[in-house]
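What Swiss-Prot records for this protein:
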type	residues	note
BINDING	Thr56, Val57, Gly58, Gly59, Val60, Gly61, Lys62, Thr63	ATP binding site
Amino acid sequence: MSFFVNRIWYGNHFLQWILVPFSWLYRIVIRTRRWYLQRFCQQLYPIPIIVVGNVTVGGVGKTPLVIEIAKKIQQKGLKVGIVSRGYKAAIKHFPYEVKLNDSAELVGDEPLMMARKINCPVVIAPKRNEAVRYLLDKHSVEIIISDDGLQHYKMGRSIEIVVIDGMRKLGNGFCLPAGPLREPDSRLKQVDFVIVNQGAAEGTYSMELIPKNIVRLSTQEEVSNDLFTSEVAAVAGIGNPQRFYSTLSQLGIKFNPYSYPDHHQFKPHDLNDIDLPVIMTEKDAVKCYSFSSDKLYYLPVEAKLNDSFWEAFWSHQQLQGYY
């Protein structure tokens, strides 16, 4: 996201007021669209569909939460599957089940990362209903998680979980284009759970992204933070790189930031000219395996939520009888 857009959406730039009339028009359009799709086009399913999404543009930390929820479901002995749009995937035939040896360019960075971190089927399709039907037909899953897709109202859902960035929150509170909201903040009152990533607010649940040991990309060995006593290059192609940089600072690692657009497809030339050890996010690392070297590292993170969330989650009426 450009610095200029950030100033409008997350600051007090005068241009937001010029764009407000267009935001009201946008609200009318999306409200009408939602009503129509839910009433005439939504497909319901015989098993729980859990949607993990957001109401803002940009990264909020959904994917680590999807991974954690999938693991918790597996710990209950249940068969889980994940559906994703497969943003920027080069493949053209859908639905497609992600394979561990696929490239991020072929299937998308987030689906590939999820497939490698969880022993469950991950299926991509721009039309998510196609991915859901594939999982039901091919894998007989008992619960499906949709990574993003809150606004994909053709897909029925049993539970809606919205993630909010604790640093940027809802920005200036306006819908597109004056602000970062895909839907008005009143939408939060209609979902089942609101989770704040690295923060807290009344009526929400707090989530922390816990950094794990840094991993050398070429060998997959964990290394100590003590290895990085001098400056490194912090490379991030995610929606909110500041969160990644803040984590490195908390770990005591000195770095030069290198920010790229979200879902940037890294090429060797992006990193070869950097004359420093490179630490990147795990989401970015999956795009660099084909040209990994000893100077490339990544920092995995794990979503952690308190017991009160999990108690409320498993007590949800749509999950009764599933544990």
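Placed from the backbone N, Cα and C atoms, the Cβ positions cover glycine too.
DSSP assigns Thr56 (ATP binding site) to a strand in the three-state reduction. Taking the Cβ of Thr63 (ATP binding site) as reference, residues of its chain lying under 8 Å away and at least six apart in sequence are, in sequence order, Glu110, Met113, Met114, Asp147, Lys283. Gly61 (ATP binding site) carries neither a helix nor a strand DSSP state and counts as coil. Take the binding-site residues Gly58, Gly59, Gly61: by the count of other Cβ atoms within 10 Å of each Cβ, the lowest one is Gly58.
Counting other C-beta atoms within 10 Å of each candidate's C-beta, the binding-site residues Val57, Val60 are led by Val60. For the recorded ATP site, residues Thr56, Val57, Gly58, Gly59, Val60, Gly61, Lys62, Thr63 set the reference point as the centre of their Cβ atoms, and the other residues of that chain within 8 Å of it by Cβ are Asn54, Val163, Asp165, Gly239, Asn240. Take the CB of Thr56 (ATP binding site) and look out to 10 A: across all protein chains shown you find 24 other CB atoms. The Cβ neighbour count for Lys62 (ATP binding site), using a 10 Å radius over every protein chain in view, is 23.
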